[in-house]
Amino acid sequence: MELSFIMIKPDGVQRGLVGEIISRFERKGFILKALKFLQIEKSFAEKHYEDLAGKPFFDGLVEYVTSGPVVAMVWCGNGVVLTGRKMLGATKPADSAPGTIRGDFAVDVGRNVIHGSDSVESAQKEIALWFPDGITEWRSSLHSWIYE
Ligand code: UDP
Ligand code: MG
């Protein structure tokens with residue numbers, strides 16, 4: 001089944017949004033497959049965001065995501081990449097609909113609380129980068145209550 005990499009950024013951690021965000025993914029019916037709490041280094045952040053190297057906001061973005069601990073997770077479920085992006089809301093919080101994470105909890109694009117993979121392919125790359133030892137395989141006993 002499909003996997004997505006979701007990361008609560010340092011502002012989300014500092015603002016006490018970890019439980020709220022995890023709850024949203026759990027209540028939706030997505031299944032947690034990996035989770036860790038860590039502060040990343042500059043070189044790791046540059047690797048994670050390598051596609052954005054050269055953008056005017058790149059240095060500020062790297063400084064932001066390395067400024068404190070983050071919560072890195074892998075969530076599993078049908079359509080989790082696209083649905084996860086919808087749950088996050090648009091990149092710019094001014095464009096994120098109320099009811100989305102960024103729409104409810106963020107104001108500034110440079111402090112937008114959360115990262116989510118934008119395609120199945122980037123999810124695979126990001127999961128390999130953040131969880132090189134692999135993820136925990138398990139089957140939730142709720143499976144048949146979430147899927148027909
Ligand atoms: N970002 C920013 N200014 C911008 C665009 C993006 O600070 O004008 C930051 C923002 O934190 C965003 C991250 O860079 O979440 C990655 O940008 P991307 O376009 O990949 O947005 P995302 O996939 O996070 O929605
Ligand atoms: Mg992105």
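Every residue, even glycine, has its Cβ placed from backbone N, Cα and C.
Some features that TrEMBL has for this protein:
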- His115: active site, pros-phosphohistidine intermediate (ACT_SITE)
- Lys9, Phe57, Arg85, Thr91, Arg102, Asn112: ATP binding site (BINDING)
- 1-137: domain 'Nucleoside diphosphate kinase-like' (DOMAIN)
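Checking the binding-site residues Lys9, Arg85, Arg102 against ligand 1 with a 6 Å cutoff on the Cβ atom leaves no residue at all. Looking at the residues that bind ATP per the record, Lys9, Phe57, Arg85, Thr91, Arg102, Asn112, the two CA atoms farthest apart are separated by 21 Å.
For the recorded site, Arg85 (ATP binding site), the DSSP three-state label reads helix. Around Lys9 (ATP binding site), taking its Cβ as the centre, 23 other Cβ atoms fall within 10 Å, counting all chains. The DSSP secondary structure for Asn112 (ATP binding site) is coil.
Around Asn112 (ATP binding site), a 10 Å sphere centred on its CB holds 23 further CB atoms from the protein chains shown. Rounded to a whole value, the Cα-Cα separation of Lys9 (ATP binding site) and the residue listed as 'active site, pros-phosphohistidine intermediate' is 7 Å. Residue pair His115 (active site, pros-phosphohistidine intermediate) / Arg102 (ATP binding site) shows a Cα separation of 10 Å. According to DSSP, the domain 'Nucleoside diphosphate kinase-like' (1-137) comprises 65 helix, 26 strand, 46 coil. Remark: Phe57 (ATP binding site) has Val109, Gly110 as non-local neighbours, by Cβ distance under 8 Å and separation of at least 6 in sequence. His115 (active site, pros-phosphohistidine intermediate) is surrounded by 19 other CB atoms, counting those within 10 A of its CB over all protein chains shown.
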